[in-house]
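I have placed the structure first, in the form of structure tokens, so that the comments after it can refer back to it.
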Amino acid sequence: MLLLSLSLSHYSSNAADFCVADLEIGFQTPSGFPCKNPSFVTASDFKYSGLVTGGNTTNINKVSIIRAFVQQFPGLNGLGMGAGRLDIEPGGAISAHTHWYASEMIYVVEGTVTAGFVSGVATNTVYLNKLSKGEIMIFPQGLVHFQVNTGTETAVVLATYGSEDPGTQIISPALFGNNLPSLLVEKATNIDEAEVKKLKVLLGGSG
Ligand SMILES: *[C@@H]1O[C@H](CO)[C@@H](O)[C@H](O)[C@H]1NC(C)=O
């Protein structure tokens, strides 16, 4: 009986050690993806090389965003953490956005970044910092935040998140990058219709 319970507890502690996502066999649920069969898991499931180089920054924001979330890095499944690499050209910006499932921490690998977040509606207080190479800043879960390259060289930023799938909504495209009628966008934002139409063209929206 003692042996049996020892072997059972040994088994269950192994079973709980990790759950590398099998992205093929099922849907993501609030508790994550189903697990890959542990006997097929290898060291390479816990390594991800996607952040080694930056992506293409030829776009209106002059940025590339490379994610290491559970969809890209299945080993993160259930671990409550994720990462990303941001490359931002001078004058470029990761525009205002939120992550509703996660707080974020950034580490400036190269360059100079001015970053901030805005508190809730009670005060709309802005918390702004100019970050140099090696500095970190945190962004509390759910709050609108942004990062701007205010230096003269390409900024490289490592972002980490308290979720393997932080949930992201980028404010400008959410408001102007779709077919919500311009007049309704004006009502919803207090931005006049002519400006709304201009922003829709810029962000690929219509209406
Ligand atoms: C980067 O993206 C731009 C715009 O989509 C494209 O024209 C250009 O060829 C891309 N550059 C590289 C190196 O892929």
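Note: Cβ is positioned from N, Cα and C throughout, glycine not excepted.
For the recorded site, His97 (Mn(2+) binding site), the DSSP three-state label reads strand. According to TrEMBL, the feature Mn(2+) binding site maps to His97, His99, Glu104, His145.
Residues or ranges marked as oxalate binding site in TrEMBL: His99, Glu104. In the shown protein chains, 24 other C-beta atoms lie within 10 A of the C-beta of Glu104 (Mn(2+) binding site). Look at Glu104 (Mn(2+) binding site): DSSP puts it in a strand.
Annotation comment: TrEMBL describes Cys19-Cys35 as disulfide bond. In sequence order, Gly32, Phe33, Cys35, Lys36, Asn77, Gly78 are the residues near Cys19 (disulfide bond), counting only same-chain partners six or more apart with C-beta under 8 A.
Summarising the annotation, TrEMBL assigns domain 'Cupin type-1' to 49-197. Shown for the domain 'Cupin type-1' (49-197): DSSP residue counts in helix, strand and coil, namely 22 helix, 58 strand, 69 coil.
According to TrEMBL, the feature signal peptide maps to 1-15.
In the three-state DSSP scheme, Cys19 (disulfide bond) falls into the coil class. What surrounds the Mn(2+) site, by Cβ distance within 8 Å of the Cβ centroid and not counting His97, His99, Glu104, His145, is the set Thr98, Ala102, Phe117, Phe139, Leu143, Val144, Pro166, Thr168 from the same chain. Its own atom aside, the Cβ of His97 (Mn(2+) binding site) has 17 Cβ atoms within 10 angstroms in the protein chains shown.
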